[in-house]
């Protein structure tokens, strides 16, 4: 099928130009007569891929020199364990801000390693889901760090501000990294599973301030140890080379688009267009307060949920795919990461108008 | 470059037919208009990929029903920690058989979790590297399990027999899985990083007898927990979907070739041909005793090591690539996994004869 717009929450669509390049060179990369995934991670050709990807990511996010960029195996769930096991040291507590499903999953895992001081930041304004202002969050004075998830993919909730604390701030940016400008220097650790805004599943980027490399738990598996990964340039183990390569292509594509600032403008426009369509109609419903609406994941319901299946079927027939809501929530969800172009959202909005006209 | 034969030790070459299929459908898989790596792991389309891959692997290895097949993130180094953290339970000891580099790496990691009873199985026969017969291995009566690595990729050493023990046998089959017939029922756990005989890096298969799922350490990260992975059908976390898909294509290709028994015959023939060439000449040297020569990884030296660079350069010019030996050993290494066809080894042998004639 041609002309598909893919709204998958993850593993998500990658930029079309990136996938076409990957396809072209899949069996003969760099004139080697083999795929990039069929060569040693220690070959000079792959080392260049690895170094370029890191440098491009550093450029895109203005990552300061005192931060290590680690290309880790696994995804965010691996980091849910890696974070406490790497950062607690002799501390016994960490503060976790709870604003949704993924924060809660991180809390559940962290509870194996420490006493989790959970701050419930969930709130309501005018009957809509919201998040308490970060200036109101309470951080335990004995916490080794403060963890939060700035974008909740399932809840469709976003937190734009940062904890007010002198503790290291740890952020699960799986679904928001590279979608907007951030000041890396304000964080202790940023991590992100690749399969939303970076590349294919199986890779996780961790950006770690270098004074935080010294606190590993004795039982931390070595391949998850930030210090070892930093010392070995993420090649202590054989890294997921194809995912690393493809992520590198995405980084280069982002630079060609004008970088993160340019993406942020487009992402604002995409989100605005879609929320406007929802708000302009009684046929579509989004239950998140505008203060905290996610720019990346837009869950919405039909006022007539009996039409859900028909909506999905007709959308798919128009090439608007992977719009089914998360099983925990139901309804629809349009994930509009960097790789979804403005035209994709325009096509979705046009379809929503048409579907409403036919079924209201 | 065309007509390349890739002797990489890992990430290694994949079957040409598999890579060509993957290329053809990279941007439009299953007529979805997207890549298989761009859809949800919970979509019905991907679930079918996942289930087919598992069933094909079960068919290929005749895996009994009381074994779980887990598609894990990471590679063998992740399992170096996962094995003790999953299997020790209240035991304090495990026996590890040391016959080479990778066994020693597993021992080093396991030492964080238990008292490792190391049995040094390294030996020499007629000045050649060998391994003590498995019937002579000593297993600690208090060991929770016995770990060994049947094929050492760097040393070029293979162990064809099994520990004689009533303890669960754990085998790191990263470089030998699917290359020869095995009786899975004799093992407690078999694990294998994908990037040698299965698929791309970033995936590790673990085959676990189901009575061994109950001994997880409290601090075992959940995404490494065999029981959780088994209960969630390897989708507790977002799995490395593209690697899983590609491995599934390899399994189907193996079935088309006649399965593991057929591969074993070809692999014997390939190894025989290459070792014969080495033994027939004083120009090439392999230091492993015939009892323990690896069928998968054939390290060899030139009697005139000053010619190493020339050998590699001229081989590459003929499309015989990735022959450089591991940095710990030097010289050459031809890894001749399933994906390397007999013609590849024939071409290598012809080149070795030519190079010797020109440089002896």
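Using the three backbone atoms N, Cα and C, a Cβ is placed for every residue, glycine included.
Per TrEMBL, the feature domain 'Aminotransferase class V' maps to B:4-348.
Residue density at residue B:42 (L-glutamate binding site): 13 other Cβ atoms are found within 10 A of its Cβ, drawing on all protein chains shown. What TrEMBL records for B:42 is L-glutamate binding site.
Taken from TrEMBL, the feature pyridoxal 5'-phosphate binding site applies to B:76, B:77, B:102, B:153, B:172, B:195, B:237, B:238. Around the Cβ of residue B:77 (pyridoxal 5'-phosphate binding site), the same chain contributes B:105, B:109, B:193, each under 8 angstroms and 6 or more positions distant in sequence.
Residue B:196 (N6-(pyridoxal phosphate)lysine) carries neither a helix nor a strand DSSP state and counts as coil. Around the Cβ of residue B:196 (N6-(pyridoxal phosphate)lysine), a 10 Å sphere holds 32 further Cβ atoms from the protein chains shown. Marked as N6-(pyridoxal phosphate)lysine by TrEMBL: B:196.
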Inter-residue Cα distance where the pair is residue B:42 (L-glutamate binding site) and residue B:238 (pyridoxal 5'-phosphate binding site), in Å: 9
Cβ-based isolation winner (fewest other Cβ atoms within 10 Å) among the binding-site residues B:195, B:238: B:238
Rounded Cα separation (Å) that holds between residue B:172 (pyridoxal 5'-phosphate binding site) and residue B:196 (N6-(pyridoxal phosphate)lysine): 12
Within reach of chain A, those recorded positions of B:77, B:196, B:237, CB-CB under 8 Å: B:77, B:237
Maximum Cα-Cα separation in Å among residues B:76, B:77, B:102, B:153, B:172, B:195, B:237, B:238, which the record lists as binding pyridoxal 5'-phosphate: 30
